[in-house]
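Trainee: Shown below is the structure under consideration.
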Amino acid sequence: MGFMVNTQNEGGSGNHSWGCLRNLVRRKQVDSSNGKAETHHHQQLAKALTFPHLIAIGVGSTIGAGVYILVGTVAREHSGPALAFSFLIAGISAALSAFCYAELSSRFPSAGSAYHYSYICIGEGVAWLIGWALILEYTIGGATVARGISPNLAMIFGGEDCLPIILARHQIPGLDIVVDPCAAVLVFIVTGLLCLGVKESTFAQGIVTTVNVCVMLFVIVAGSYLCFKTGWVGYELPTGYFPYGVDGMLTGSATVFFAYIGFDSVASMAEEVKNPQRDLPLGIGLSLLLCCLLYMMVSVVIVGLVPYYAMDPDTPISSAFASHGIQWAAYLITLGAVMALCSALMGSILPQPRILMAMARDGLLPSFFSNVNQRTHVPINGTITTGVCAAVLAFFMDVSQLAGMVSVGTLVAFTMVAISVLIVRYVPPDEVPLPSSLQENSSSHVGISSSSKQPLLCKANASIVDKEKAQGGWVLNKENRRKLAGWSIMFTCIGNFLLSYAASSFLLPGLLRYSLCGVGGLLLLVGLIVLSCVDQDGARHSFGHSGGFICPFVPLLPIVCILINMYLLVNLGAATWARVSVWLVIGVFVYIFYGRRNSSLVNAVYVSTAHVQEIRRTSGHSLA
C-alpha cells in the first residue's frame, strides 16, 4: 500500500470548495531532529541567547509601568487589602499558559511563537489569524507604551513645560490631534538598537530592567520599614481583608492578569537560544515567577502603608510614600516607571520581526520580511518596518483607546497554544509535507494512499482479548482512539466557549443563560473525562525535539487554561471586538489574495510520519 497523498489535487474541479477548505487545515512539518524541514535556503538567526538573556527579555517585557498605577485602582475598586491575593490568582492563571508555552517552545524551537505552533498542530487558517492578530498586538502595544513614556519623563524634569520643545507634545492647529515627538524618537532609538544584534539589544534591555527591579525593591524594603514602624495601618480595618467579598478579589484578578502578559516574548526568541530545551522553559517559568513575587510584595507593602480607600488612583505608590514624609521617593518611582516603559517598548518591538519572518518563510507574507542581515543576524527589514509603523502610530494617535486590542491577540494566542498542547498529546499530525527535494526520489516507489475503514470498536488480538475479557473484552484501536480524542478536544473547546459566554452575559434571559451554562459545562466535563480515560498518543515522544519540558496535569491544565482565556476574551467588550474584527477581516482578504496562493504548502505532498525515515533512507541510498 502506498503512503503518499497530494492534498492539492484531490477531487478535481468539482471539489474546488473542499480544496479551499483543505488549505485552511494543511499543516507544516516540524523542524525536528527526526525530520528536519527544508530550511537550508533560509537565512538563519544567530544562536546567541542564554538563560540570563531570556530572563531579561521575560521580566522586561512583562513588568510595565502599569503596576505603578494598577495597585491603586484595583485596591480601591475591587480587592481592598486582598490585592496580593488578586495578583497571586492572576499569576497562577498566567502560569497555566506559561506551562503550555514551555512545552511547545522546547518541542518546536523556531521563530514564530504561537503562530508557529498553530501552523504545526492546527492548520494554516488558524495560524494565519494568530500571526495577523499578533502583528496588531505588538504594533499597537509598542505605540501605546511609547506614548506613555513622555508624561513620566516630563515629571522627572519638573512638568510637561520643562521638556525640550522638540520633544514636548503639541496639538496640531485645527485638528484634534496631539503629536508626541518624544514617543516617536524613542521608538526609532529602540529600533536602531534592535538592528545592532539580538545580544546587544538584550544586554541593554537587561540594564534597563535591572534599574526597574531595583526601584521596585526599594519600594518593598523602604515600604516594609515604614509599615513596621506604623503598624501596618492598611490592614487594621473593621471591613476585614475582603471588603468587596471574594467576587471583588476575583474581579481584581481578571484586571491584573494583563500585567503578566509579556512572558510569551521569550518563546518568540526560540530560534536564537543556544540550548532551547533547557533554557526556554526556565526563562519562561522563572521570569513569570519573579514578576509574580515582585507584584505581590509591592501590593502587600502599599496596602499596608495606606488604607485601600485612601489610595491615590493615579499615583498610589508615590502618594503612599509622600503621606509618610518621603516626597523625594516620587522621583525615584517615576524613574522606575520610565525604565519599565522603555523595557516594555523593547519587548513589544522585539518579537514582531520574528513573527513576520516566520510568516514570510512559509510564503504567507512577501519574502521581503524573511531577509536576515548577514552581519548582525537580525531580520532587518521586519525590524525597520515594525519600528516605522509603531513610531507613526505613537506620533500621531492617542492609542490608549486601542489598548484593548492588544489583549485580544494575546488571549487568542494563549488559547491556541493550550489547544496545541492537547493536539500534540492526543492527536499529533500523522502526515507531514515531504520536502520537494525528496518528492522526485520517492515518487518512483510510492503511490497515492488509500484510507482503510475500521470500526470504532474492534476485537483486539487473542492475548489482549483474554486479558481484557473480564473488563468487557473490547478496546479502542489506534485510529479510532485518535478520532475519539479529536472529537473530545472539539467538544471541550465548544463547552468552554458556551460556559464563558453564558457566565458573562448578564442580559440574557435567565432560562437561556442557565441552559447554556448547563450545556457548556456538560460538554466540558464529558470531554475532560474522555481525555482523562484514553491513552495519549505514543507518537508524541518523537514529534518535535525530545528531551524538553513536559507540561504536567494534561488534559486538566490546558483545559482550565482555555477556559480562563476564553472568559477573559468574552469580557473584553463589544467595542474592542468591533475594532479587532475590522483588522481580522482585512487579514482574511490578504490571506485569500496572497497567502493562500503563495504558501509553501501549495503543492505539498503529504507522507505518513511512519514512512518519513524510510523515504529519507531510500533517497539517501539513491543519491549515493
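A Cβ is built for glycine as well, from the same backbone N, Cα and C atoms used for every other residue.
I grabbed these lines from TrEMBL:
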type     : residues : note
TRANSMEM : 51-71    : transmembrane segment
TRANSMEM : 83-102   : transmembrane segment
TRANSMEM : 114-135  : transmembrane segment
TRANSMEM : 177-198  : transmembrane segment
TRANSMEM : 241-263  : transmembrane segment
TRANSMEM : 284-308  : transmembrane segment
TRANSMEM : 328-350  : transmembrane segment
TRANSMEM : 378-396  : transmembrane segment
TRANSMEM : 402-424  : transmembrane segment
TRANSMEM : 512-534  : transmembrane segment
TRANSMEM : 546-570  : transmembrane segment
DOMAIN   : 549-599  : domain 'Cationic amino acid transporter C-terminal'
TRANSMEM : 576-594  : transmembrane segment
Trainee: For the domain 'Cationic amino acid transporter C-terminal' (549-599), give the DSSP counts of helix residues, strand residues and coil residues.
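Mentor: Summed over the domain 'Cationic amino acid transporter C-terminal' (549-599), the classes give 40 helix, 0 strand, 11 coil.
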Trainee: Which range out of 177-198, 241-263, 512-534 gives the transmembrane segment (402-424) the most CB pairs under 8 Å?
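Mentor: By the under-8 Å Cβ criterion, the transmembrane segment (402-424) pairs most with 241-263.
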Trainee: Near the transmembrane segment (284-308), which residues from the same chain, at least 6 beyond its ends, have a CB less than 8 A from one of its CBs?
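Mentor: Answer is 54-55, 57-59, 62-63, 67, 71-72, 75-76, 79-81, 83-84, 86-88, 91, 94-95, 98-99, 101-102, 105, 213, 216, 219-220, 223-224, 226-227, 230, 232-235, 237, 243, 256, 259-260, 263, 266-267, 316-317, 319-321, 323-324.
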Trainee: Can you work out which residues elsewhere in the same chain, 6+ from the ends of the transmembrane segment (378-396), have a Cβ less than 8 Å from its Cβ atoms?
Mentor: 45, 138-140, 142-143, 146-147, 177, 179-181, 183-184, 187-188, 190-192, 194-198, 348-349, 352-354, 356-357, 360, 368-372
Trainee: Please indicate, using numbers and ranges, the residues of the same chain that are 6 or more beyond the transmembrane segment (241-263) and have a C-beta under 8 Å from a C-beta there.
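Mentor: Sequence-distant neighbours of the transmembrane segment (241-263): 58, 60-64, 66-67, 70, 73-75, 77-83, 85-87, 89-91, 93-94, 98, 101, 235, 284, 287-288, 291-292, 295, 308, 344, 347, 406-407, 410, 567-568, 571.
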Trainee: Which whole-number mean pLDDT does the model give the domain 'Cationic amino acid transporter C-terminal' (549-599)?
Mentor: 94
Trainee: If we skip the immediate neighbours and take only residues 6+ beyond the ends of the transmembrane segment (114-135), which ones have a Cβ under 8 Å from one of its Cβ atoms?
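Mentor: Same-chain contacts beyond the ends: 23-30, 104, 108, 264, 267, 351-352, 355-356, 358-359, 362, 364, 408-409, 412-414, 416-417, 419-420, 423-424, 428-429, 544, 580, 583-584, 587, 590-591, 595, 599, 601.
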